[in-house]
Every structure is written in structure tokens, then in C-alpha cells.
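The annotation N-acetylalanine is assigned in Swiss-Prot to 2. Per Swiss-Prot, the feature repeat 'TPR 1' maps to 87-120; the stated evidence is sequence analysis. The repeat 'TPR 2' annotation in Swiss-Prot covers 155-188 and rests on sequence analysis. Marked as repeat 'TPR 3' by Swiss-Prot on the basis of sequence analysis: 192-225. As annotated by Swiss-Prot, N6-acetyllysine applies to 255, with the evidence given as similarity to another entry.
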């Protein structure tokens, strides 16, 4: 097999810089990382200086993802020799156990890390990932709640907990998690959109009104969010047909739904009428508008 350096006519410095760029971008292009990284550590290890250790870690994680356990084990052994007793290296050992589906061994290892260092967030998150991989959502939820009691500012954990509650159809708790996220990220249109979707799923006039409000907020933050635009149409339409809504509320929401449908129509027209799938989409939007006109008349 041709070497990367020969195939693409690149120097080892350029390969090292590419690996750094992938780390900074948190790229999960495991095959490329393995190809470039394996050549770096086998041919140029002596030239890499202290960069060699972070590259070993990067290559090991990619190798696990790519199914190269031989390479992952080699990198792990090099790291163990250099950093015996390191919690970071122990966590990598646990990740290898996970890749081998030795989940009990991985959890025992993470528990030992946490006994020595209760603030080790990486080990806690790996335990949660295992529970999810095993389909044990209830245990993952419990672990995440315990984690958030200590690390309340971890936004990624709040979002993960919201997703787990949604999977368990516990929409009230999912909404609470998303409210926490919106308080710290008021300009994130995706959080507004997801919160609106949860309230829409909960149903009832009050939740539908909240849903419409947050779909509108998501659109205000990003006017190209088509999912929020469809959500605005759906929530406003349901409010307009809700028997508990007042006449004024019904009339107002009919206007909102009509506006949303017209915006959807414009978006599809802008995408071009030549595409077959676009024509079907346009027909669906036109049917929406026709339904609104019938309801209004």
C-alpha cells in the first residue's frame, strides 16, 4: 500500500499539521486519521517531539472507530509506558473495552477512576455512553441527573438528558432540560425549535400556544429554519381549530398559519419548480393554503 506522503506528495510536517487541524475541528474522519496517523507514528515518531503523545491518543480513538484494534492496542501500550497510572490513559483503556463490548469491565474501570477522582467528568460521561449503548435509558437518565447535580453548567449534558427524556416520552422533563438550555443560550434557534416541538407533542391549548411562540422565536433567530416554519404552520393551524380557543385567537392563528404556508410555498418555488420532488412539495403546500381558505370561508 502506497504511503500517504508519497501518494499525496506531502511532508511529515504537513501531515502533523493536518492531524492538529482535525483535532481542533473535532473531526470524526476516522479512516483518514488512521491512514495519516499510522504513517506518522511508524515513520516519523522521533521527529514529532511531545506531539507524539496526543497523536497516539488521536490515532487510538480513530482506530477503535475504524475497527483497527491492533493499531489501537499499539497506541495504548505506548501511552501506558509513558504515563503509567494516568486516569486519561485508563479512560482510553475503558474505551477499548467498550469497542470490544466488554461493558462490565469498562464500567468497573470508570468506577475505579471516579473513586480516585470524583470530579473526572470524562469517566462519568463514558459510563453514561455505555448505558445508552446497552439501551438502558433509565440508568443513563439517573447517571446524567447525578452528574448534573455536580456540573450544572454542562450544556451538552442537559441536551443529552433532554434527548433521553424524549425517547422515554417524558416530555415535561424534556421541556425542563430545554428551558435550562434556553436560559444560557437564548439565541440558539435549534433549542427554541426543539422546545417548541416538545410542547407541540404535549398538546393542549396552552402548550400549543407556547409551541407556536417558540417556533416563531426560532424563525426570528434563523429565518431559514424550515422545520420551525412548518412547526409554526402546524401549531397555529391546531390552535385555529381548537374548540377551546376564543374567536379572536382562532382568527389570529389562522393568519399565522396562512402566512407560514405562504412562506413555505415561496421557499419551494425559490428552490426551483424543475425538480420532480419539488413539484410534489409545492402541491402539498398549495393544498395547505386551499384548506386554510376553506376553513376561513
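Backbone N, Cα and C define each Cβ position, glycine as well.
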(request) Would you count the other CB atoms within 10 A of the CB of the residue listed as 'N6-acetyllysine', including those on all shown protein chains? (result) 13
(message) Cβ under 8 Å, sequence separation of at least 6 from the ends of the repeat 'TPR 1' (87-120): give me the contacting residues as numbers and ranges.
(response) 57, 60-61, 64, 69, 72-73, 76, 79-80, 126-127, 129-130, 133-134, 150
